[in-house]
Amino acid sequence: MSNVDHAEIAKFEALAHRWWDRESEFKPLHEINPLRVNWIDEHISLAGKKVIDIGCGGGILSEAMAQRGAQVTGIDMGEAPLSVARLHLLESGLEIDYRQITAEAMAAEAPEQFDVVTCLEMLEHVPDPASVIRACATLVKPGGQVFFSTINRNPKAYAFAIIGAEYVLQLLPRGTHDFKKFIRPSELGAWSRDAGLAVKDIIGLTYNPLTKHYKLSADVDVNYMVQTVKES
């Protein structure tokens, strides 16, 4: 059975035309993107690296990594976001290989072909996140790095990521997230280790509603990112 939640795909398909509108529902992604890319680039210089972006959507992260000199492949199961991503290349002038394929199928096709794998804001949208993590581990070369980001599962995360972000501040459309699909760092760490990935770093991403700014933080109670390395 394919590890795809068609209802999740449909949500992002419906919004695809607004992906590059910085004042749209995707404004948070645009605002956190520089923080994410800088953090990744600090751990492994992206210039000249072969990178695959899992769940690339409209290409916000993929383009940012290509701008840093990476050779980027972006994969997603949403046809509409991929169309938007390809069209935006005409504006940016970047070269990125976008493909409609699952992480698992790509792993079977191209094992150990990438220096870096990114899987950001994606694991909480699939039925079996552990399967995606295994695919990421297969795709990356020995000694290569895999980066994940997702949302913690606890009362604070429910209050901030769903009640706060979707209902009070209306940063995201209602129904964007399902609390049951949120992932604790301990779970992500266990799945990573089972897949042969060693967790090396974890950092939180917090939002200040007064200043309307995001920053990297030691607080991993809500949004967080993880750096892992494939054991040689």
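Note that Cβ sites are derived from N, Cα and C of the backbone, with glycine treated the same way.
For the S-adenosyl-L-methionine site that Swiss-Prot gives as Arg36, Gly55, Asp76, the extra residue drawn from Leu94, Leu120, Leu139 is Leu120. Applying an 8 A CB threshold to same-chain residues 6+ apart, the list for Asp76 (S-adenosyl-L-methionine binding site) reads Gly55, Cys56, Gly57, Leu82, Ala85, Tyr98, Gln100. Those residues noted as binding S-adenosyl-L-methionine (Arg36, Gly55, Asp76, Leu120) have their most widely separated CA atoms at a distance of 19 Å.
Within the same chain, residues at least six positions away from Leu120 (S-adenosyl-L-methionine binding site) with a Cβ under 8 Å of its Cβ are Arg36, Asp53, Gly55, Leu61, Phe147, Phe148, Ser149, Met225. In three-state terms derived from DSSP, Asp76 (S-adenosyl-L-methionine binding site) belongs to an extended strand segment.
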